[in-house]
């Protein structure tokens, strides 16, 4: 008997070929996508590093919950460098110039190494967002620091669902070592590392980490937090936390405004001063009712604190009561007033001379 054959019509051949091409296309396109996503994050195919967030890979949106997780990790990693350098007692201290008040604007190895860890961790995870940092980022020191894409349980407990925003609307502000002057004096309690995320110029996510007590405060506006306000505040005769460098300026006006029972607390670091307004379980942390600053200040010093206060129902404004925008220039001229659980606008009206005298 002659063998039997299978005949395919021309239409059947065409359908078979199209199906085969479709399978090959999907396999090959998936392979290429995997390679490009790894190279885009600075990784190598087959390496042991995890890719960054899926949202960052497509460049369209980012998840603020993921940004909070990476921001906390960045602040802690930066803090590890700050602590390591301080404990080595080899700071390589130098001056970047003079501040507007005439003080030395200092920089140390702690600033530089913390900045490198914080910047590249955030940049690798979220390559399409703008990052502003206090210290210069040298391309020769570039690192690939990958995030494992794990969101800590304390964040998941407070913020159960993703919060997507356009990547182009996001600005990240990094302060790799707040209170450098105090750091060089070995006044460790004032030192913090900070990350803030602003969306369309509004602070929505803040992290303040204290490297030497290993305490971290974080909060997201309309999200959640791991820190809270204190039960009560003294609005009539408040304790006011101010910069160590110009406590006398504030004291004179504060005594005129609130009376002789007002207490002035000189302190270093804007992050430390914001934490002074909150219920912080750190024995080295002083407590205050108001935070007042009367001179020019950089936005990376205050953005994280602003976001945390806002998330908890507090306020941080210029001395004239204007909201602070975290886009454009890197500093503000109008001083600042920070409060929580107080009538903030009433406080603004009590301090008209403070801004006029020290603009």
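Each residue, glycine too, has its Cβ placed from N, Cα and C.
Long-range C-beta contacts of residue 301 (Mg(2+) binding site), restricted to its own chain and to partners at least six residues apart, with a cutoff below 8 Å, comprise 175, 178, 194, 270, 271. The Mg(2+) binding site feature in TrEMBL is assigned to 134, 175, 177, 178, 301.
Annotated region 'Disordered' per TrEMBL: 87-107, in sequence order.
Residues or ranges marked as transmembrane segment by TrEMBL: 6-28.
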Starting from the Cβ centroid of 134, 175, 177, 178, 301, the recorded Mg(2+) site, name every other residue in that chain with its Cβ within 8 Å, sequence order please. 174, 176, 179, 180, 192, 193, 194, 269, 270, 271, 298, 300
Of 134, 175, 178, which of the binding-site residues has the most Cβ neighbours inside 10 Å? 175
Around the C-beta of residue 177 (Mg(2+) binding site), how many further C-beta atoms are within 10 angstroms, looking at every protein chain? 31
